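Taking it in order: structure first as structure tokens, then the write-up.
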Amino acid sequence: MCGIVGYIGNEDAKEILLSGLEKLEYRGYDSAGIAVRTESDTEVFKEKGRIATLRKAVDENVHSTVGIGHTRWATHGVPSQLNAHPHQSATERYTLVHNGVIENYEQIKRDYLADVQLKSDTDTEVIVQFIEQLAGEGLTTEEAVSKALSLMKGSYAIALLDKDDPDTIFVGKNKSPLLVGVGENANVVASDAMAMLTVTDQFIEIMDEELVIVRRDRIEIKTLAGDVQERKPYTAELDVSDIEKGTYAHFMLKEIDEQPFVIRNIIQKYQHEDGSTRLDEDIRAAMKDSDRIYIVAAGTSYHAGLVGKQLLERVSGKPTEVHIASEFLYNMPLLSEKPLFVFISQSGETADSRGVLVNVKKQGHRTLTITNVPGSTLSREADYTLHTFAGPEIAVASTKAYTAQIAVLALLAVDVANAAGKTLDFDLLQELAIAANAMESLCNQKDEMEQIARDYLSVTRNAFFIGRTADYFVALEGALKLKEISYIQAEGFAGGELKHGTIALIEDGTPVIALATQEHVNLSIRGNVQEVASRGAATAIISMEGLDQEGDAVVLPRVHELLTPLVSVIPTQLIAYYAALHRGCDVDKPRNLAKSVTVE
């Protein structure tokens, strides 16, 4: 949610900032703005809507080599030009951008800013006005920022310009992601490394409650208490081409097509020279020592976790629970004696999951993160990390991260089984390779998927996905994808639950897409399809070779039953994509959604 960029160097700052913000569009936003330092002033440009609108508003004649930028996703105050960032202090000495939520901003207003007339409805403006108030009492900017941030409760990532110190960007962070990049004769600030890859691939992690003073030729990191911190940069292993669409119309379609290659990449990354799949010994020991696994996730990652539970229990025999992070945070169940917590997050920054992680670590429990972003908060703070190696996922609706998470969970399940001395009747790497081939075959059947979307979903307001066992998990994910990008009220249900209430919603023409890839429930789910068809539903069945019947809409290549979600999800993703396309929706940036949910 939201994105921050900052630049100080010798090049034209405004173009670097705008380009950086465009690379952060995937995070979701409703307004955007930049501020640049000229020889005599700080120029602020901000607009409601897309960055393309902001570009038109920026004065091309303004030249600057220092600036900050922001994409906003409203939390306090409606989306508007007034509430967009950057915000300025009363005298316009200070200009600030901020991600996060300041929980005690009303108290700060009452206690310190009673005589200050605020211009916006945001918590962000309180920060910049408070900093100016403190500076007016004789504190240096560094001291004022440190004191202000030390009194803030909640999450924040900030970048600040000071008109009286034009060659410095002040940066602070707590519970919200922010990086500082080290370049040649230039330094940058970014919520995500990909925003500033054109400037540098060398980045430094900022830790919670730290203040960073960024200048052209040096970077100083301090705690809010003033203690100097030394930290070397790491190399961001990203390629600029990874964050470009290439010949594709949308990132989502590109990322759907990348999934077979992601699975093959995971095989390569986790396969040893002898062909085995041994994970880190510490992870193996933690899994073996635990008496129950608690998977904690949100959204698409939660759906991957449901598949992971089945894999862990059926392959390794390890009892597993799956919990929605935001619910677990405030309604923790009774735990086993030796729990291991597995956090699944594409970004590694999900605020609800991090809240759970912090809580369970305080209780002394071990934690494992499965994420797509090395160096992310969850990967840094968990005891152990498994990377999914899916590459940057730009479209807001997750596709390749989901299948990558399932593949890594499958590897984890097999590794636990091997460590326990269990004999498995299948070769996971071979079965994953077969699944990747099947996924690639389905990605080449786009015309069929587009036809289903056109026939069933072009004008409907509602749609249902049904399945049983593993197919039910995919039904949940398929419904989420459809509602995310097409705005159709789509729901996923267990086939056996239809008669317990949901069937009352079936009308003439109601689209019902059924998944039928599980042999032991194949006839049962087909019976459910007949139930809704007899009440007027327009039905389409996604089945698998060997289980298919005449009239099935899509027949998947045969894969190992435990890995069917990797394959059966592809048609649901493509159907959602084409449904959104035909309905004129913004596929990559659906309304009201953020890619990385960094506030609760």
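Using the three backbone atoms N, Cα and C, a Cβ is placed for every residue, glycine included.
Here the structure is a predicted model, which means the values were calculated and not measured.
Here is what Swiss-Prot says about this protein:
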DOMAIN    2-217  domain 'Glutamine amidotransferase type-2'
ACT_SITE  C2  active site, nucleophile
DOMAIN    283-422  domain 'SIS 1'
DOMAIN    452-590  domain 'SIS 2'
ACT_SITE  K595  active site, for Fru-6P isomerization activity
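Note on the domain 'SIS 1' (283-422): DSSP counts are 66 helix, 28 strand, 46 coil.
For the domain 'SIS 1' (283-422), the model gives a mean pLDDT of 95. Using a 10 Å Cβ-Cβ cutoff, the residue listed as 'active site, nucleophile' registers 28 neighbours.
When the domain 'SIS 2' (452-590) is classified with DSSP, helix, strand and coil residues number 70 helix, 28 strand, 41 coil.
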